[in-house]
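Worksheet: one structure, shown below.
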Protein chains: 2
Amino acid sequence: MSDIETNLKQLFSKIDELKPAFIERLTKAVAIPSVSSDETLRPKVVEMANFLQNELKNLGADDISIKELGIQPPPVNDSNLKLPPIVLSKFGSDPNKKTILIYGHYDVQPALLEDGWNSDPFVLIEKDNKLIGRGSTDDKGPVMGWLNSLQAHKELNIPLPVNIVFCFEGMEESGSIGLDKLIQKEAKSYFNNVNSVCISDNYWLGTKKPVLTYGLRGCNYYQLIIKGPGADLHSGIFGGIIHEPMTDLIKVMSTLVDINGNILIPGVNEMVAPVTEKEDELYKDIEFDVNELNLASGSNTAIYQDKKNILMHRWRYPSLSLHGIEGAFSGAGAKTVIPSKVIGKFSIRTVPDMDSEKLTKLVTDFCNAKFKDLGSPNEFKAELIHDGAYWVSDPFNDEFTSAKLATKKVWGIEPDLTREGGSIPITLTFEQELGANVLLLPMGKGDDGAHSINEKLDVPNYIEGTKTLTAYLHYYGATK
Amino acid sequence: MSDIETNLKQLFSKIDELKPAFIERLTKAVAIPSVSSDETLRPKVVEMANFLQNELKNLGADDISIKELGIQPPPVNDSNLKLPPIVLSKFGSDPNKKTILIYGHYDVQPALLEDGWNSDPFVLIEKDNKLIGRGSTDDKGPVMGWLNSLQAHKELNIPLPVNIVFCFEGMEESGSIGLDKLIQKEAKSYFNNVNSVCISDNYWLGTKKPVLTYGLRGCNYYQLIIKGPGADLHSGIFGGIIHEPMTDLIKVMSTLVDINGNILIPGVNEMVAPVTEKEDELYKDIEFDVNELNLASGSNTAIYQDKKNILMHRWRYPSLSLHGIEGAFSGAGAKTVIPSKVIGKFSIRTVPDMDSEKLTKLVTDFCNAKFKDLGSPNEFKAELIHDGAYWVSDPFNDEFTSAKLATKKVWGIEPDLTREGGSIPITLTFEQELGANVLLLPMGKGDDGAHSINEKLDVPNYIEGTKTLTAYLHYYGATK
């Protein structure tokens, strides 16, 4: 048996032994309601940063550095509201070892018992082999997983196979304000020598098979602003005699996408990279079917019924969603208003090789032309609100190869190679600023309910997940 | 000088003297946010009914009768929600005098500071000779005007020239639920002996010349409900792979009307009565031009530039307005949501000879067909929320003749004879159930912003308006 396998055998046994302590660690973390979007709970977010700092200290960190980010920019109620700090930490600085940056976030989504939780969201309970509580899977479980792995190494006196740099933020659920700048600033200092980045902040595709994630869609969010009358008008008095902004907006919005999700803006689909044979192969073994989609959407409204089309249209083709209209009547009941200024919102999920600027030009040119065709005297403006780039990695690089070995070792099965339809914009920032490969190594399952009620992390995912992270460190540490 | 002129001289002088008290009365009324469409504010609507009851009592009403209307029918959130009462009251029962029923409503449209008001909508402020606040012109100002007139009579000890029956409702802005039935029920009891009905719940055509109104459009309000997923979904995960209700809804809504206000639902325009020569003549003398419309709309977005086309399309042709969407994202900024259930709202203003039931069948059949054409698996329903019929009267009867005299007396000018684009459905019910002529005698101006932000009533309109109502009572009381 190789050194690695000997070490992993001892580590896995220690992880099993420490299970009660690990659950206790997660219980303490969940008990701190570190909701970043709730200004009144900001002290709790800071308390969670302190909790982490203390854990890192007890685990023997070589360095802990608390990076303050200053005052939170508007819109805020409290104009002196401080952003929660970024908690940085180092374990080891051996120039003969590789250095992995591990990112996680210690803030959570809001949660109230009244939302429909079956138990207090901030009291972790174990039930039916699940750990239920806010943050259990997003992202306190995975963050504790890394700490658990360090504890096992420490108790066994097994040296870490890599140098570790932790980067834990407290604003992920609120736009990761300040993180981009910090990464840029520390790229050549605190994050110097980082060879690779590992993020454990997404989920298995389904509930049965572990996955590694090598791609994310980007997101370009647009608004169409149409302004007519000086104020909202009464439809009895003005209906039929003025050009109504809503009529114009609905006409333009109706031209963007068909009901089967096909984007109707010329040139957009042409930017999409063609599917290669090698890529095509990747979809064959993935475990997924339309029933899982229907279960997740709570309906039978799938556009595609076959696995490959569903996954490709979720991961590697763009999509356009109409989100809503600002300024129009949006309440219950009946209001006879002619809204004077309406703002239609839609976004396009982007994929390789869509260029954000080119896309925005196509979108705004198309919308401007459609509005011009109407011949309306109202004012029109189409504009980008924000964009975040897509990300795709090589799923056959050292990171993914090591993670495949680790997964196989722990779960006895080859992981599926997946992409995600959503965005984790920080992924690309790490890749670009540090010049390092990024691996997304999820711990939780597709049904964990990350942003929903009764969020959970299965006990096996927490414990075997900690083993997987541990094995990954050793296999990646052994690569050239 | 005749008795009438002597009395009016004293009354007008008293009204001028009581101006501060009258503004105080309106201030108190506006301070009660009696928004009938907001279930949470229902207690405030009831508070407003109590306020009126108290005022009527202080003015020496011979009878006050509070008519409860029971539970509000669906759609409601609170299935036990009580309708606000109808406040009935009598002043005088002299068989030698004519009896006028005066209708008004004490509920108001919704109003939030965030909508763009320059001041708290429920705090009446006086600025630039305007009284600004929600309900100032629609319809608390006119209702207070009648109470003001009674106060002037009372303080001078001048007997009322007619018997008065008040009928004040609290659901006008929400479809006048229950009022039709009450009128039917009381036609031969509380409303027995009513000779004539006067309603002051509309506006001058422009801002310079008083008007009397002899016609109203009706209003049929529709909603299109589209339901897909079981809950709102993340557009990153589900965008491109499920049929989005918003896409379907925007497609169907885009087929209803063109940007020039032409209704595209087959059969609707064919129901409209042809214009007669006599009717055509009435438009010649009316003081109005496109500049007034542009001033009122605060824009240069008029569909027609000539007086006759503008007025005809406001008054005697139907119109269709798209009001908004319930259930979609309606806030500021960007939210990447796929709404699971969206409800599109639109209404059609109706004119002679459009039949409501036939119209509803045309609308729902058309929308159902348009949705079916899409081939979407989402659930669709098109339905009428409420309807109110159009109304047209003889502008040369005793009521209109007396009101012309009253207007000339106070404002020194002959009023224009107008129709309205808006609806006061109850007008027709009063006419039909009581067999009485109805006069619409507006107090406010065309730029008051009845359903909009910064709603106002000019101080002269409030005070001279109170004089006009007073003069009307005396001139009509003297007719045979």
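Cβ coordinates come from backbone N, Cα and C, glycine included.
Nobody curates TrEMBL annotations by hand; they come from automatic prediction.
Record check, TrEMBL: Mn(2+) 2 site residues include A:HIS105, A:ASP201, and the candidate from A:ASP78, A:ASP128, A:ASP138, A:ASP232 also listed there is A:ASP138. Just one of A:HIS451, A:HIS474 is listed by TrEMBL for the same Mn(2+) 1 site as A:ASP138, A:GLU173, and that one is A:HIS451. With DSSP states grouped into helix (H, G, I), strand (E, B) and coil, the domain 'Peptidase M20 dimerisation' (A:225-372) comes out at 56 helix, 30 strand, 62 coil. For A:HIS234 (substrate binding site), the number of other Cβ atoms no farther than 10 Å from its own Cβ, over all displayed protein chains, is 22. The record gives A:HIS105, A:ASP138, A:ASP201 for Mn(2+) 2. Within 8 Å of the mean position of their Cβ atoms, the other Cβ atoms in that chain belong to A:GLY104, A:ASP139, A:PRO142, A:VAL143, A:GLU172, A:GLU173, A:ALA450.
Same-chain residues that are not part of A:ASP138, A:GLU173, A:HIS451 yet have a Cβ within 8 Å of the Cβ center of the Mn(2+) 1 site turn out to be A:VAL108, A:GLN109, A:ASP139, A:GLU172, A:ALA450. Fewest Cβ neighbours within 10 Å among the recorded positions A:ASP138, A:GLU172, A:GLU173, A:ASP201: that distinction goes to A:GLU173. Neighbour density around each Cβ, counted as other Cβ atoms within 10 Å, peaks among the binding-site residues A:ARG349, A:HIS451 at A:ARG349. Neighbour list (A:THR336 (substrate binding site), Cβ cut-off 8 Å, at least 6 residues apart, same chain): A:HIS234, A:SER235, A:GLY236.
Filtering the binding-site residues A:GLU173, A:ASP201, A:HIS234, A:ARG349 for a Cβ under 8 angstroms from any Cβ of chain B leaves A:HIS234, A:ARG349, in order along the sequence. If you average pLDDT over the domain 'Peptidase M20 dimerisation' (A:225-372) in this model, you get 95.
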